[in-house]
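**Q** Submitted below is the structure of interest, expressed as structure tokens.
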Amino acid sequence: MQIQGPGDKTTDPQAIRLLPGHNTEIFVCAWNPEFPEILSTGGKDSEVILWDLAKKAPSPNEFATEGYKLASLGRLSNAVQGDITSLHWSADGTFLAIGSHDSVLRVATNKGTMWMQNDIHDGPIFATRFAKSGHLLLTASLDGTLCVWDVDQKRPYRRYEGVHTDCCLDVDWITDKVFASAGADKRVIIMHIDQDEPLKVLEGHTEEVNQIRTSSTGTRVACCSDDKTSRIWKTDNQSLSTDADAIPDLSASIAVLVLEGHYDPVSAIRWCPTSNTSTGHEILATGSFDKTARLWDSVTGECLAIFTDHKRPVYTLTFSPDGRFIATGGGDGWLYVYSLSTFKVVWSWFTGPQRHGIFEIDWQMKNGYNRIALALEGQKVMVVDCTKLRNILNSHSSPVAHKDLA
């Protein structure tokens, strides 16, 4: 039987820390974007913990981040289902938005104090997303509504009802005033914060749309669905005009690209933060319940690579901030890190034979830190110090380059 540990025989044991603190499965984790010592985690126990991981290693043989609780917000809900569903930091690292199955929006400070709470939603909050700048916050709920919040003023800015005809499952900002949402009604909706009616209604999926993400340039929106496909819409030029008379029908300015190849629902989607160095095209990754992850050229729709190491569904994936690697995690308990130049595994880790699912991954590169955080079914937070992983440090891979699948 495979025991907990790395998939190789050379990994320094000091590269890994498992942080106890949660009493149940951990569903979400998020590094603070401006204060890199702070990691937030939340799970089924309805508790959010802020970890202080600032300690520097006193010697090369010691872990760079010992980790201790900076703050615990305690059990946030006494509801039968109070699972923490989403954690998202404001761009300046000041506020942490917390989505929960108990329908209450909560926002905490980076010191671990509660800033605001509001129960305007009538169903579980599945997604929280701060705008790219400032403190406007977007939430999506099972009740089918969306809400934009003015966090500084601790109040709703605008609530959008009737936009989706079924559950709203995910949201993301395109600009600081335009956002996109995905729903169980099989549609993607593009909204302006100051308008009640959609700028665009994007249709084509035949099953519910699970996740939606905007590219780093803001020119494309990608989403993935239970219908086994992903779609990319071009959202630049006049397609996002706030002048109703200037909004065209679906045309070349917002043409859709359908990505086909997965043979089970597509559960995760992410954009690479850098472009393909040979073509300049943005790269998209998808993870599926078919146990694979794929890389796609977002302009041509070509599948650049298929990763087939997982033995159970892929739950989560993320790129390294420098665009050189992609990490995937799934129900089989394996974390795989792949080079985006060779498409080969450069490092892997197994979480153990019991309760081994990996629910979320977040990769941090800032102020000399290079760390991966994982939210584990096994009730612990895992932190990987990549500065101690020779396979990653010694890999001179560049951002993804074209490679024939044949």
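Keep in mind that glycine also has a Cβ here, set from the backbone N, Cα and C atoms.
Remember, TrEMBL labels are computer predictions, not curated facts.
Quick paste from TrEMBL:
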| type | residues | note |
| --- | --- | --- |
| REPEAT | 19-53 | repeat 'WD' |
| REPEAT | 118-159 | repeat 'WD' |
| REPEAT | 202-243 | repeat 'WD' |
| REPEAT | 259-306 | repeat 'WD' |
| REPEAT | 307-348 | repeat 'WD' |
**Q** Sequence-remote contacts (6 or more beyond its ends) of the repeat 'WD' (118-159), Cβ cut-off under 8 Å?
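**A** Tertiary neighbours of the repeat 'WD' (118-159) are 81, 85-91, 94-95, 97-105, 107, 165-173, 175-176, 179, 181, 183, 191, 193-194.
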**Q** By Cβ distance under 8 Å, which residues at least 6 away from the ends of the repeat 'WD' (202-243) in the same chain are close to it?
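**A** 166-167, 169-175, 178, 180-190, 192, 194-195, 250, 253-260, 262-271, 273, 282, 284, 286, 288, 296, 298, 301.
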**Q** Looking only at residues six or more beyond either end of the repeat 'WD' (19-53), which have a C-beta under 8 A from one in the stretch?
**A** 65-77, 79, 82-89, 91-93, 96, 98, 100, 102, 108, 110, 112, 355, 357, 359-362, 364, 366-367, 369, 371, 373-383
**Q** Quick one: mean pLDDT on the repeat 'WD' (259-306)?
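**A** Summing pLDDT over the repeat 'WD' (259-306) and dividing by its length gives 94.
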**Q** Could you break down the residues of the repeat 'WD' (118-159) into DSSP helix, strand and coil, giving a count for each?
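**A** Output for the repeat 'WD' (118-159) reads 0 helix, 23 strand, 19 coil.
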**Q** Give the residue counts of the repeat 'WD' (259-306) per reduced DSSP state, in the order helix, strand, coil.
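**A** Reading the DSSP string over the repeat 'WD' (259-306) gives 0 helix, 27 strand, 21 coil.
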